[in-house]
Amino acid sequence: MASAISLSFLNGTTPLKSNSPLHKSKFTPQHLRIISSSKISHKLSSSFEQSTVPISCTRRFDLVPRCGISSNDLPTERKKSFGEWVEVVGDAVSTAFPIWVSLGCLLGLLRPSTFNWVTPNWTIAGLTITMLGMGMTLTLNDLRGALSMPKELFAGFVLQYSVMPLSGFLVSKLLNLPPHYAAGLILVGCCPGGTASNIVTYIARGNVALSVLMTAASTVSAVIMTPLLTAKLAKQYITVDALGLLMSTLQVVLLPVLAGAFLNQYFEKLVKFVSPVMPPIAVGTVAILCGYAIGQNAPAILMSGKQVVLASSLLHISGFLFGYLFARFLGIDVPSSRTISIEVGMQNSVLGVVLATQHFGNPLTAVPCAVSSVCHSILGSVLAGIWRRSSPKQLED
């Protein structure tokens, strides 16, 4: 029937009966085509009226309306601003931090002259900027959040400054490390948690808020704990200037962190503007300082490097393992236990490099700190990948 009507329209005739009102009128076939098209177009328009997709209909007077989705009506994807692109690139660089640190150490080992431009003042400035960036992630709300999980925070703090210092001491005894290497390993074990642990915790589907709080707590308390524990455990290997360590830790850790938190609290727009570039700066600083420490002692590392790598690996494996086991033993949930494990196992190795360079006479003391940065980055990333694939039920709920 439809074919007959269409054919008759094309031929200029109509099969309407003679008593049809339209037939009695003076409408020509051309008029009929216009009217028919208008009605169909109106019906189609009303039927799509509630549709969420914009439809444009083009009316053709000789046949039927042609309806389709207009390219002009489709919602277009908003282009990213320059600041958003900087943030995306920064996140990509930060996520790949084990690669950059490894490349820095490898470059320092093979071409030590690459880092001849690095000076002690530069190392202090780089670490200060890194700690300032970490402080910018803290607010008063974070401090209030600590009150909601005192058990997890206290457990993480105790494990941070017990498992790692003792592990450094015992591994040094077990492997019978030379005095300078032993002192360096103990020093890095007494350092606070590293900022990279926050990224690894996020990848591992851990408790990121707890990770930030643990890093902040261990960093602030490092002013007292790092010099005290280092002097207590490493004094049999090397003379330790506890007061000098305390002043340096105060200068490059506590003051920048407090300054960053102050800026975040009262100059939010400024922090929002500079915060996307802070993680890449931190990663670059770690890679350069570790490469510098390796480059300063490349010949000695090539001779006894395996021993230092083994010692650093055992130190961090011990931290990851016992941090998780003790947290679970205390009845802490799986995501928070993972976070504590990562925080305990990953140290602020760059702080160890700076302190060893400034306060220990033998430059080889900084080598375990630099190697430690590579070891905990790789081990932490592998652990995060495993835990990410085996997400606990608590997270799914």
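Using N, Cα and C of the backbone, Cβ positions are placed for all residues, glycine too.
Whatever TrEMBL says is automated annotation, not expert-curated.
Taking TrEMBL as the reference, the stretch among 342-364, 365-387 described by the feature transmembrane segment is residues 365-387. In this chain, the transmembrane segment (153-171) touches the transmembrane segment (307-327); three or more CB pairs sit within less than 8 A of each other, excluding pairs fewer than 6 residues apart. Three or more CB pairs closer than 8 A are found between the transmembrane segment (242-267) and the transmembrane segment (208-230), so contact between the two stretches is assigned (pairs 6 or more residues apart).
Here the transmembrane segment (208-230) sits apart from the transmembrane segment (365-387); fewer than 3 CB pairs are under 8 Å, leaving out pairs fewer than 6 apart in sequence. The recorded stretches the transmembrane segment (122-141) and the transmembrane segment (88-110) do not share 3+ CB pairs below 8 A when only pairs 6 or more apart in sequence are counted, and are therefore not in contact.
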